[in-house]
Structures are given as structure tokens and as C-alpha cells.
Amino acid sequence: MGLIARVRKEWFIIGIVLVITFAKLQPSVGVKGGPLHPEITITYVAVSVIFFNSGLSLKTEELASALMHVKLHFFVQTFTLVFFPIAIWLLLKVLALTAINEWLLRGLQTVACMPPPVSSAVILTKAVGGNEAAAIFNSAFGSFLGIVVTPLLLLVFLGSSSSVPFTSIFSQLFMTVVVPLIVGQVCRRFLRECLDRRKPPFGAVSSVVLLMIIYSTFCDTFNNPNIELDHLSLLTVVFIIFSIQLSFMALIFFLSTRKSSGFSAADSVAIMFCATHKSLTLGIPMLKIVFEGYEHLSLISVPLLIYHPAQILLGSVLLPSIKTWMSGRQKTLTPI
């Protein structure tokens, strides 16, 4: 395979390296209030584009079918909002015996209490040919559910509570997730024949938007002065976060691919991404609300700032392997 062909095939991985490098060199460009204005372009425009794109590309019957997949939805929401925080709480009982900063450990617990994101899990699921409709439903439903459940979980595990502006957060989710999805579906009704004939690069569009989200996320990470902890603490937290993600992804893969689970290969991919990913977009504002006035808020936020880009990086690196597994699974199930 020639160099140009290799670049075309691996353009997304190359793009990740480039945007992270640029974020490191010029983090001020992609932070809130910077030239990119991510508080608008990422929070509203990028997320809206992702779900409009999904609405335009998804067959209505597939989305309707996903809504009825109750077993899958129950599995995802139970794992991410019940099993995840309890498992991390038990892990932190052990880690509390070490020299790791107490507030960083509390930050890990806040990560566990967060809802799934409304973008990355959908894009990664779509990129490998997983059950995109199920990923969309669980990302949106989990985000709405998390607005109520996450503050309660933080109260239970960390003893912190505050009045949460449910109305404004629900409104934002409705406008950036539900409305674009519906508009995309309506447009598809009128453009179905054209879309089926031309086959627009929906996956490439979503991948470009994801690169924007990665860039903005790393700009925030590199621009945050509170990230400058000692190297050992940072490396320890990064190692713990990647270990948690890999362990939980492996656990979900094992549970969802058993014959008795009743899930297809496409379902397993959607479950794996939706149940292990956590929302930075909802998480950071929620932490600022729930922990308002906390002297150590910045330290509590560090694990979430690391977890979000880590989940996107890990998912992106695993894409080729998951694609290969999906192809092999489909060939096995295809009758000769």
C-alpha cells in the first residue's frame, strides 16, 4: 500500500495526532472565549450537526426499532449509572490506602457518577458499523436521565448536593439532540431517493466533527493551570483511568457477546461505547453547580478532564480491531 493510500485509510488517526499537537501548541484558540468559541461551535453547533447527520442517515424504521430494544437500554443505563459508580466506590476504598491525592480520588468518583456523552459514543459506534440507532437513543436518554440521577449519586457517594437548573439543561439537550434528529429525519423523507443514490459520506462528516471536539477538549486540558500536578500524580491518574476503561469495556464485551445475552455484534459495540463513556459537556457544568464554593473543585475536575479525551483516544485506537471483529462475526453468521 502506497503512502497516499495509507494516509487516506488512516486519515482519522493522523487527524487526532495533528489536532492534539495543535491544541498543545495553541490551547488558547479552542478554549471558551477563544477564536473558535467552543461554547457555541462545539456545545451547540457540533453536537447539533452530529445528530442532524444521524437523523439524515438513519432509516426511520431502524430508529423506531431501536426504541423498542428495552433489554439493551436497561443494560446500558444500569451499567453506567448503577454498576459503574458502585464499582469505582469499592475501588476507591482500596486506593484510599495509597498516597494518591484524596481530591483526585473524589474526582474519580464524580466521573463514575456522570451520564454518557451525547456525541462520542454515537460517532464511534457509527464508525465501526455498530447499532447507531441504539447508541443515539441511549446517549440522549442517558443524558436526560443523568441530569436527575447524577446529582443524587454525587449526594450519595460524596455528600454534596445543590439545586440544579434542570430546565435550562433539559432545554439545551432538547435543542441540540432531539430537534436536529427530528429535522434530519424529516429531511430524509423528502431526500430519501437522492441520499440512497448519491450515498453522502455521513461517516466522514461525523469524524471531522469529532476531531473538532477532540481539539476543543485538549485545548481545555492543556490550558487548565490546575492540570499542572506533579508528574507522578498525573501518570497515576491516567493509568487508573485507562485501566478502568479497558477493564469495563472488556467486561461489557464478555457479557454482551455471550450467546445467552441475545445481543447482536452491532448491539455489543453500541453497548460497549455507551456504557463506558462519560460526558464532559454535562459533567463540568454539573460539577461547578454541585461543588460550588469547594476549594478543591479544580482537583476534583482533573479526572473528568482526563477521562473524556482518554475515552475518545482509546475508542479511536480500538476502531480497527473492533471493525475486524465485526467483519469476522458477520461472515460467521452469514449462511453459505
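Cβ atoms are placed via backbone N, Cα and C, with glycine included.
Membrane topology per Swiss-Prot: Glu10 and Ser261 share a side, carrying the same topological domain name. By number of Cβ pairs under 8 Å, the transmembrane segment (38-58) is matched best by 117-137 from the list 11-31, 117-137, 139-159.
The transmembrane segment (117-137) makes contact with the transmembrane segment (299-319): 3 or more of their CB pairs lie within 8 A, with pairs spaced 6 or more apart in sequence. Looking at which of 72-92, 139-159, 234-254, 299-319 has the most CB pairs under 8 Å to the transmembrane segment (11-31), the answer is the stretch 299-319. Proximity of distant same-chain residues to the topological domain 'Cytoplasmic' (255-270), defined by a Cβ-Cβ separation under 8 Å and at least 6 residues beyond the stretch ends, is recorded for 69, 71-72, 75-76, 121, 125, 128-132, 134-135, 138, 322, 325-326, 329-330, 333. Counting residues 6+ beyond its ends, the topological domain 'Extracellular' (93-116) has Cβ neighbours under 8 Å at 76, 80-81, 84-85, 87, 138-139, 142-143, 145-147, 149-150, 153-154, 157-158, 229, 233, 236-237, 240-241, 274-275, 277-279, 282-283, 286-287, 296, 299-304, 307 in the same chain.
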